[in-house]
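Participant: What Swiss-Prot records for this protein is below:
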ACT_SITE  Lys26  active site
BINDING   Pro111, Leu112, Ala113, Gly114, Gly115, Leu116, Ala117, Gly118, Gly119, Ser120, Ala121  ATP binding site
ACT_SITE  Asp153  active site
Amino acid sequence: MTEAWRPDGDEPRGVSGPFRVRVPAKINLHLGVGPLRPDGYHELNTVYHAISIHDELTARRGDTLALTMEGEGAGELALDDSNLVIRAARALAAHAGVPPYARLHLRKQIPLAGGLAGGSADAAAALVACDALWGTGLSRDELAGIAADLGSDVPFLIHGGTALGTGRGEAVSPVLARPTVWHWVVAVADGGLSTPVAYRELDRLRDAGAASTPLGSSDALLAALRQRDPRVLAGVLGNDLQDAALALRPSLAATLKAGEAAGALAGIVSGSGPTCVFLAANAADAERVAGELSALDVCRQARTARGPVAGARVG
């Protein structure tokens, strides 16, 4: 039985643990970027899709709030209050009126600054793990409400699956479609790209008349998902930030060309990049495309993934 932390900070009784939470990476099947808003964000119309590349966060009892980390790019991340994991834990504690005491350990597989929402995923994992550890008993929607203040992608990664994102991306509604498994190849580049820098570059390209026509509505993408045909879906994948990512990292054009030459149905830059994702017709084709990309000097690594998968979950 789990008992919540008491607001007076006394030692709780009956809290079990550790709690391990797996959280997926995110790709955008459609990323329509509108004009810059007065608050400094862009209005988005995006379709999020959770894929089977996961980080894992373990939460244990502690007498302070501490974070350790291993895996993909772990040495490049701060472990203090600037880290989204720590910020998420503190936000949940403040919301629930409990002291933020936990020992958190993060195993990373999602590349840093790769357009896969790795930091947002870890924040979602922290909310779910600490909710379990502290017995705060919040619903998914309540956790997503806290998540919205941490980052635009964080609410989606609480839920997972496939979802429509509007506003700055934080307003999430699930996409209702018959269950389908989509097969992806994820080509990870060396280094990362800053999301704010990518948005500023898109604004610059648009001001100069050098950007593609904005994608706008995601209706065609949502209709393609309902058809459950990868070839139809391939024809409507799109990302307004791709122009910016290619301008900032021209080598990504060779990655996209190589993936499609290897047999992918379509390839796009994931989010703000520099990761590229390719849709394959089936699992065997995905393995073959990943193998061919791995043999070329166009990405740091290529791995297969499937989607959609669940969001942050204990287990």
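Even glycines carry a Cβ here, placed using N, Cα and C.
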Participant: Quick one: among the binding-site residues Pro111, Gly115, Gly119, which has the most Cβ atoms sitting within 10 Å of its own Cβ?
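Facilitator: Answer returned by the neighbour count: Gly115.
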Participant: Could you name the residues, excluding Pro111, Leu112, Ala113, Gly114, Gly115, Leu116, Ala117, Gly118, Gly119, Ser120, Ala121, of the same chain that surround the ATP site, i.e. Cβ within 8 Å of the Cβ centre of those residues, in sequence order?
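Facilitator: Surrounding the site, in chain order, are Ala25, Ile110, Gly192.
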Participant: Look at each of the recorded positions, Lys26, Ala113, Ala117, Asp153, and point out the one with the fewest other Cβ atoms around it within 10 Å.
Facilitator: Ala113
Participant: Among the recorded positions Ala113, Gly115, Ala117, Ala121, Asp153, whose Cα is within 10 A of the Cα of Lys26 (active site)?
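Facilitator: So far as Cα distances go, the recorded positions lying within 10 Å of Lys26 (active site) are Gly115, Ala117, Ala121, Asp153.
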Participant: Please report the Cα separation of Ala121 (ATP binding site) and Asp153 (active site) in Å, rounded to an integer.
Facilitator: 8
Participant: Taking the Cβ of Ala121 (ATP binding site) as the centre, how many other Cβ atoms fall within a 10 Å radius?
Facilitator: 32
